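Here is what TrEMBL records for this protein:
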ACT_SITE  His204  active site, proton donor
BINDING   His204, Asn205, Phe206, Arg207, His208, Asp245, Asp354, Gln405  AMP binding site
BINDING   His208, His244, Asp245, Asp354  Zn(2+) 1 binding site
BINDING   Asp245  Zn(2+) 2 binding site
DOMAIN    128-449  domain 'PDEase'
Amino acid sequence: MGSSSSSYAPKTVYLDVDGKVQRVGVFKELQHTPYNYDAKEDVLQNVLSQVAEQFSRAFRINELKTEVTNRLAMLEKRVELEGLKVVEIEKCKNDLKKLRNEVTSRSGTRVNCNCKYNFSDDGKKLSPRRDVPSYPKYTLSQETIEALKKPTFDVWHWEHNEMLSCLEYMYHDLGLVKEFNMNPITVKRWLLAIQENYRDNPFHNFRHCFCVSQMMYGMIHLCNLQDKLSRTDMCILMTAAVCHDLDHPGYNNTYQINARTELAVRYNDISPLENHHSAVAFQILSMPECNIFANIEPESFKQIRQAIITLILATDMAKHGEILDSFRQTVDNFDFTKEEHVKCLKMVLIKCCDISNEVRPTEVAEPWVDCLLEEYFMQSDREKSEGLPVAPFMDRDKVTKPTAQIGFIKFVLIPMFETVMKLFPQIEEIMVQPLRDSRDHYEELKHIDDAMSEKKKMESMSLGGNKK
């Protein structure tokens, strides 16, 4: 065999990285030789290995992968920790707010019903929540899912995080998240912001918000409204229910007006609380991280916004007679294709849900009466200390639980629900009959109270006669 020697000429490899020419390495190029192909193949493999190694070093692929993985893990941990910190901070804020309210209620001095939103400060809003909401995701059992659809649902057995998960489920179940292309994380942030903006009042608190929203969800199913109303209408009903008492200060419109509070002055004594609830609702929605309507057309949002405001304003009991009379005029010839008829129905539905506690079983409904009376007494005590008029039904020296409930059930609740029953007969057994039973229950309690009072009066007279 002939012999010749292989020659190798050194070669330098350069790469263009982001517009900059960089030297990767120096390699020997295999020159063509007439023999020893195996040696050539080995050398070629060595060259390719060196090129691959140099490429890996040039771009730091392995290092970058490790670095990115570590940074992601650190960020996830940070989000988790920051979320927990936020929850703890909000808990401290709530404790401080409760303490401040207690001090204020005992001080005897007039203090405006301050709101979380100081509208005199331009652009002042909630601190944005950019973290992923940290409330746990609860998997609802089939039993809970079915119970949520009924007015008998016991709202006292649930913690705030569980109520948030139930509300989240309702929006998904009704198809609202899909219909309006809501970001699921945004829905979580929005619900958490809603919960944070209900005060820790005895009655007008987040549990009341959940109570009203769950009753609305139940009526949607009970009255088959999914087959009669559009998803837009259901979204309006649910969102108005969730937002209807936002930042309620625990003192009603009468107090706001008589005390000439900031809210009464701002809204010219016209439904000051309901106007405020609406304003807070849309301040929350104005934040991108809480805007569940971010993906709908501006004109659609405008219509939804106006409809939600209309429903929240309808919860002012000063408008009760006017709204019910309007509904009575349409109910006998109700037409679901007429916009005005549907608008009137939605106003009556949110009114029903807002004051529906007595529809629930006695063991669920009665604690709400205690909560409401506690809030009434806080107001009447302040009104007395400030020299303002006191409503008899709020005066702890004049009202009892039976007297507070009998008139309200007989002259407000039953007439309204019986009117709705004309359009939806299926509510009689599960909603109207419990109201009649509740009326009878409190009338019986009143008879007992009256008998006890009469007995004490006779005993007092008898003792007085003996002294003479």
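The backbone N, Cα and C atoms fix where each Cβ goes, glycine too.
Cα to Cα, His208 (AMP binding site) and His244 (Zn(2+) 1 binding site) are separated by 10 Å. Residue annotation for AMP gives His204, Asn205, Phe206, Arg207, His208, Asp245, Asp354, Gln405. The furthest Cα pair among them is separated by 23 Å. Burial estimate for the binding-site residues (Asn205, Gln405): highest at Gln405, by number of other CB atoms within 10 Å.
Nearest to His244 (Zn(2+) 1 binding site) in space, judged by Cα atoms and limited to the binding-site residues Asn205, Arg207, Asp354, Gln405, is Asp354. Other Cβ atoms within 10 Å of the Cβ of Arg207 (AMP binding site) number 18 in total over all chains. For the domain 'PDEase' (128-449), the model gives a mean pLDDT of 96.
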